[in-house]
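Peer 1: Mind looking over this structure? Questions follow.
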């Protein structure tokens, strides 16, 4: 009985498919995750700006929807090439987004640049706009990590835990942490709960920077923890061996520090017109 209980779970036996065959083309779940995540974020942002104190109008939300989508795609890809695959620089392969390879940290930079542009053009308080966008990012984070799991990619390090899995794309075919699910839980569900609670049930949105600061600390902290379970990219194994931390962890440390600085600034800065009670949902 003990031997049977310790047998790893075979991903291939879960009946998962990386896409939906529509006949004329296959809709991959990773693409679907991006689409659904963006639509959910857009819908919820529309609900948020109808509540008292919103820093933007619907027209600004429409602009953010467009430019942040571009920021995620281009920032994520450029960040991946710069941080993880500099060997692709100067080649056509650096533009092949459909072959996979997106950087979380690059996507964050792309979104921040998009927010700065829209805020500058619309004369908006960019820090408050960041707050509103940050609340909605976990929708996409959760769906994206679940898509990674459905694709059987970005699996974790070898382990003997009872829920360990063997993924078909693993050349070593050893039991590993399903780290995609850990990330979906921490970066997605947990951060979703924290950000929605802070926005709808507290006065955090009336203090510019609190929400985006908490989000930055939480998402980077979750990534830092998850990296202990996630298998490092083969071409970056030397970073882990030489420093004890992965590339993702080194990139997360400055994000945590920036998030802390933003929260401290937001809480110590005097605000005007803060209401007695937060608006209800």
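Glycine is treated like the rest: Cβ placed from N, Cα and C.
Residues or ranges marked as transmembrane segment in Swiss-Prot (evidence: sequence analysis): 29-49, 64-84, 100-120, 124-144, 180-200, 209-229, 248-268.
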Peer 1: Taking a Cβ cut-off under 8 Å, which residues six or more beyond the ends of the transmembrane segment (124-144) line up next to it in the same chain?
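Peer 2: Distant Cβ neighbours of the transmembrane segment (124-144) are 30, 33-34, 36-38, 40-41, 44-45, 48-49, 54-56, 60, 64, 68, 72, 111-112, 115-116, 118, 183-184, 187-189, 191-192, 195-196, 198-199, 204-205, 208-212, 214-216, 219, 266.
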Peer 1: Look at every Cβ pair spanning the transmembrane segment (100-120) and the transmembrane segment (29-49), keep those 6 or more apart in sequence, and say whether at least 3 of them are under 8 Å.
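Peer 2: As far as Cβ distances go (cut-off 8 Å, pairs 6 or more apart), the transmembrane segment (100-120) and the transmembrane segment (29-49) do not touch.
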